[in-house]
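Copied over from TrEMBL:
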BINDING   B:Arg45  L-glutamate binding site
BINDING   B:Trp104, B:Thr154, B:Asp178, B:Gln201, B:Asn243, B:Thr244  pyridoxal 5'-phosphate binding site
DOMAIN    B:8-355  domain 'Aminotransferase class V'
MOD_RES   B:Lys202  N6-(pyridoxal phosphate)lysine
2 protein chains.
Amino acid sequence: MSLARRPFNFAPGPALLPEAVLRRAAEEMLDWQGSGMSVMEMSHRGREFTSIAEKAERDLRALLAVPPQFRILFMQGGGLAENAIVPLNLSRAGAVDVVVTGAWSQKSAKEARRYADVRVVASNEADGHTSLPPPASWQPRPDAQYLHLCSNETIHGVEFQTLPDLKALGSDAPLVIDCSSHILSRPIDWPKVGLAFAGAQKNIGPAGLTVVIVREDLLGRALPACPSAFDYQLVAENRSMFNTPPTYAIYIAGLVFEWIAAEGGVAALEARNVEKSALLYDALDGSGGFYVNRVAKDARSRMNVPFFLRDESLNEAFLAAAKERGLLQLKGHKSVGGMRASIYNAMPLEGVQALVDHLQDFARRHG
Amino acid sequence: MSLARRPFNFAPGPALLPEAVLRRAAEEMLDWQGSGMSVMEMSHRGREFTSIAEKAERDLRALLAVPPQFRILFMQGGGLAENAIVPLNLSRAGAVDVVVTGAWSQKSAKEARRYADVRVVASNEADGHTSLPPPASWQPRPDAQYLHLCSNETIHGVEFQTLPDLKALGSDAPLVIDCSSHILSRPIDWPKVGLAFAGAQKNIGPAGLTVVIVREDLLGRALPACPSAFDYQLVAENRSMFNTPPTYAIYIAGLVFEWIAAEGGVAALEARNVEKSALLYDALDGSGGFYVNRVAKDARSRMNVPFFLRDESLNEAFLAAAKERGLLQLKGHKSVGGMRASIYNAMPLEGVQALVDHLQDFARRHG
């Protein structure tokens, strides 16, 4: 590693990791704490790896203040697989309600239809996924086994600022949240939640690990078609060792959890994320229309900021100039176009400031 | 890393990796080839990671001489999940034949029953999983969608030395092999095979990656209950990027493939594995009964060597003395007991020799 400063990587996931985590992983690669083994080489049932997995679980529980009646599961498959695994475990082949706020909740609704009677009870499709449908307008079904929403839409940059209280809407259904792209960036309001899941590759660690946090009373409902490797009950009973878990990804996640704690925990990161996202949105909004973010202000994500250049013929020049400044992976998702800056926990304020400088310089040169 | 020599790690998986691979991974951790990114931080759809994944696939194809009509898929879930994913993709909810030779094929039969009409057409259960049922005695069903076997049983140490020719048994069913624990240790006889799968954590790389090699004509048969993330057709069409793949595990696997090629390829490793396993079995058989391996000689695995001390009260002393010599993770699987030495590709002859020295010294002291 010869670079004086690492570039700032705005990828939506897999994404930037804290440099301290990468340095420690490199140092421990051949010999984890005198064990003579790389973490990749450890039996998942051995003393060494068990201690790593248990510490990771404990640290995550502390960081997110997960109540004792919730189980933390380390699984495989990512968000897309989890869109099937959730209804396989919770739907009872009955009614499932979904709130659509972007590409990811749309995928969830589609996938759940394999197993359940799915109804979209609210959607922001009419405005191109740029707003949050007010919970008072939702009409959850009384027989719904659960209601699913994506609390932060990675592609469309739409984030719930507070979770809905389903009880206040007259529903007893557990709330399922896909919080893949903002987990650990803010607290989770557990009394409102039945299950939260997150692919690791944004705020947690490497791709290939999925974290599922599920209320105990929701275990044991899996459909016969649920592969045993994905049956929450079996995974919970076996402390995520029912099958071989993605051991190295769990180890890296554990290092990230330690890093978050050292940075002051989720509250400190949330304050930083508020500051970072305000800096970026202010620059976009203050560009006199040179850049546009189309998401309603109360729905804007602190993590994923999609934006467009008014003159899209400048897109390639914008990306090339960004790369020269060490600002990487800013191209928007193919389904949306334009640009997207993902500014997860590991992105320092300095990185967002460097992006804002680029936005302003580029606008000045091409405005 | 201050050890003069790394210990020899006989874990069944996750398992020993080549030291050269770990050193390279450590060196590249913060900056992969001047990209300014760790491989863990790369978008899976970006130019850099695409080049890593394509090279890994190409190298694996070359090493195993995979014919062009087979597709190589990088997936998640490990062997246990694959036991469900195979019938979800291939069973058509019809007849599935299974040959039981140990714990893993037993699990496969059990899991497939969720989706298909499963029949065990041959089994070595009567002799405690220590032999190979001769293919001439199998009676595959004419309407079987496929026949499943585990070509190397990790727990029971039973390995097919040649694959059966189902056509010669009057069956047109595709042969599905779970080759998790001996892939890349010997060639695969592709004309006899419809699908081969392997969890990575033995001979390929870190846990969390599953390699599936499937004949193209078997794609597109998935049941409606198959999660789209695990639909072979979708995964193949999207070059394993339908969902976010376990990117870092694929990178490490690619480094292992490069290491195998540098060592002389699969043929060279096979010769070494023959030598290593013969050295170990000869030591066990020549111990005058102090150590016993109960597997029939023509069924003995070159990869996983379970054995027992005649006097099992010495087990703890045996393991403690082994650890003192830097011989790690020799304890047998809980369902079998005793000891097990897993001597995968990455285990050098020197490691097996060190184990044999320990076997002999320990027998001398306690015989």
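Just so it is clear, glycine is given a Cβ too, placed from its N, Cα and C backbone atoms.
What TrEMBL annotates, mapped onto the structure for a quick look.
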residue: B:Arg45; record: L-glutamate binding site; DSSP (3 states): coil
residue: B:Trp104; record: pyridoxal 5'-phosphate binding site; DSSP (3 states): helix
residue: B:Thr154; record: pyridoxal 5'-phosphate binding site; DSSP (3 states): coil
residue: B:Asp178; record: pyridoxal 5'-phosphate binding site; DSSP (3 states): strand
residue: B:Gln201; record: pyridoxal 5'-phosphate binding site; DSSP (3 states): coil
residue: B:Asn243; record: pyridoxal 5'-phosphate binding site; DSSP (3 states): coil
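For B:Gln201 (pyridoxal 5'-phosphate binding site), the same-chain residues lying six or more positions away in sequence with a CB closer than 8 A to its CB are B:Gly13, B:Pro14, B:Ala15, B:Gly78, B:Ala207, B:Gly208, B:Leu209.
Averaged across the domain 'Aminotransferase class V' (B:8-355), pLDDT for the predicted model comes to 97. With an 8 Å limit on C-beta distances, the recorded positions from B:Trp104, B:Thr154, B:Asp178, B:Lys202, B:Asn243 that reach chain A are B:Asn243.
Here the candidates are the binding-site residues B:Arg45, B:Trp104, B:Thr154, B:Asp178, B:Thr244. The one whose C-alpha lies nearest to that of B:Lys202 (N6-(pyridoxal phosphate)lysine) is B:Thr154.
Measuring Cα to Cα from B:Arg45 (L-glutamate binding site), the binding-site residues that fall within 10 Å are B:Thr244, out of B:Trp104, B:Thr154, B:Asp178, B:Thr244. With a 10 A radius on its CB, B:Asn243 (pyridoxal 5'-phosphate binding site) counts 25 other CB atoms from all the protein chains.
Contacts of B:Trp104 (pyridoxal 5'-phosphate binding site) defined by a Cβ separation under 8 A and a same-chain sequence distance of 6+ are given as B:Gly79, B:Cys150, B:Glu153, B:Thr154, B:Ile155, B:Asp178, B:Ser180, in order along the sequence.
Every protein chain considered, the tally of other Cβ atoms within 10 Å of the Cβ of B:Thr244 (pyridoxal 5'-phosphate binding site) stands at 24.
Using a 10 Å radius centred on the Cβ of the residue listed as 'N6-(pyridoxal phosphate)lysine' and all shown protein chains, the other Cβ atoms total 30.
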